[in-house]
Amino acid sequence: MTDPTSLLLLCRPGFEKECLAEITQVAAEHGHYGWAQPEADSGWLQFHTEQASRLYAELPALVFTREAWPVLAHLDALPASDRTRPIADALQDQPAAGQLFCDTAEGDAYRGTARFAGKFVHPLRQALRQQNLLTPKDRADLPAWHALFLDSSRVLLGRDNPAHRPRWPMGVARLRFPPQAPSRSTLKLEEALHIFLGDTWRQQLQQSFTAADLGAAPGGWTWQLVKQGLQVQAIDNGPMDDDLMASGQVEHLRVDGFTWVPEHPVDWLVCDMVESPARVAERMLDWLTAGWCRNAVFNLKLPMKKRWQTWQDIEQRLHARLSGASRNWQIQARQLYFDRAEITVCIRPGT
Ligand SMILES: C[S@@+](CC[C@H](N)C(=O)[O-])C[C@H]1O[C@@H](n2cnc3c(N)ncnc32)[C@H](O)[C@@H]1O
């Protein structure tokens, strides 16, 4: 089999242009050039580039890509009588993988295909095991096969590297809404903590004591922090959830999140204010550079147009202001599964 000449990238439907702009820029920074013709709202794109495997190996964490892998084959006419054989044939000269994922892109248009892929994974797994193309038991530490179905007769096949695999398959966060939480936004902060802090995020938060939540009402984000034992100052003119206030761990201040300053530095600053992203970012930088908080997680609502450019300008600003500070900072950003037209940023002391 020849070297892959494209990468498959999954993103939030509607963000294909941002996904393409980002991969084009990252590829260029690593000396690779490529192109794609994404279909609007499809939730995926195929980035054609020489040496796709090398680019894949060099990929940093991306903001607008949920998952990426090099494409090994694109099969266009799977016969309904036996779809497994052409797939196994296409993978024949590859070493065995440890898992198989049968995927579809996200969205209503793929609902039927998603049902098909969910069932088809079983016979395909069996067929690949018979051909020694899959280990007898699932092994998460080995590369995995990916079969992305566009419909039941068209599939893109690839092989990932476990180090590049997202926390959840296809980057679709599997988190259940906790019924006691005051708002669905709570899932956004929970996903952010999983992604940016890793699986030990609860323990890491439990080692902290205080937090400030700007734009806190009704309290979905505050609730996550309270649950880990933190004392939270919740800043919002709107009302906070009564049960959350009854915890005794929340001080609700009806003041402006853009001018309020804490009396003592806090361990965590979180911010979900619906405001211009540049203004929110500047305020976060004020907090970090003044030492009013040690860590920050904040959401940036992206405008309708020039979303990529907006993030580029803000990212530059973050680097510019933080590079002048006396300590190193780690900046992570991601369009989370629970983010809509927005991205979430985490800034913590670097090593
Ligand atoms: C998306 S909601 C926050 C939801 C919250 N994170 C949760 O999980 O329940 C945005 C909040 O920001 C607040 N907000 C907007 N501008 C603000 C400002 N200048 N100061 C304080 N709060 C503000 C709004 O009142 C609103 O409650």
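Placed from the backbone N, Cα and C atoms, the Cβ positions cover glycine too.
TrEMBL labels come from automatic prediction, so no person has curated them.
In the record from TrEMBL, residues Ser185, Ala217, Pro218, Gly219, Gly220, Asp236, Asp272 bind S-adenosyl-L-methionine; the candidate from Asp160, Asp199, Asp256 listed for the same site is Asp256. Asp272 (S-adenosyl-L-methionine binding site) sits 9 Å from Lys301 (active site, proton acceptor), counting Cα to Cα.
Among the residues the record lists as binding S-adenosyl-L-methionine, namely Ser185, Ala217, Pro218, Gly219, Gly220, Asp236, Asp256, Asp272, the two farthest apart have Cα atoms separated by 20 Å. Checking the recorded positions Ala217, Gly219, Asp236, Asp272, Lys301 against ligand 1, the ones with a C-beta less than 6 Å from an atom of that molecule are Ala217, Gly219, Asp236, Asp272. Recorded residues Ala217 (S-adenosyl-L-methionine binding site) and Lys301 (active site, proton acceptor) have their alpha carbons 17 Å apart, per Cα-Cα distance. Between the listed binding-site residues, namely Asp256, Asp272, the fewest other CB atoms within 10 angstroms of a CB are found at Asp256. If you take the Cα of Pro218 (S-adenosyl-L-methionine binding site) and the Cα of Lys301 (active site, proton acceptor), they are about 18 angstrom apart, rounded to a whole number.
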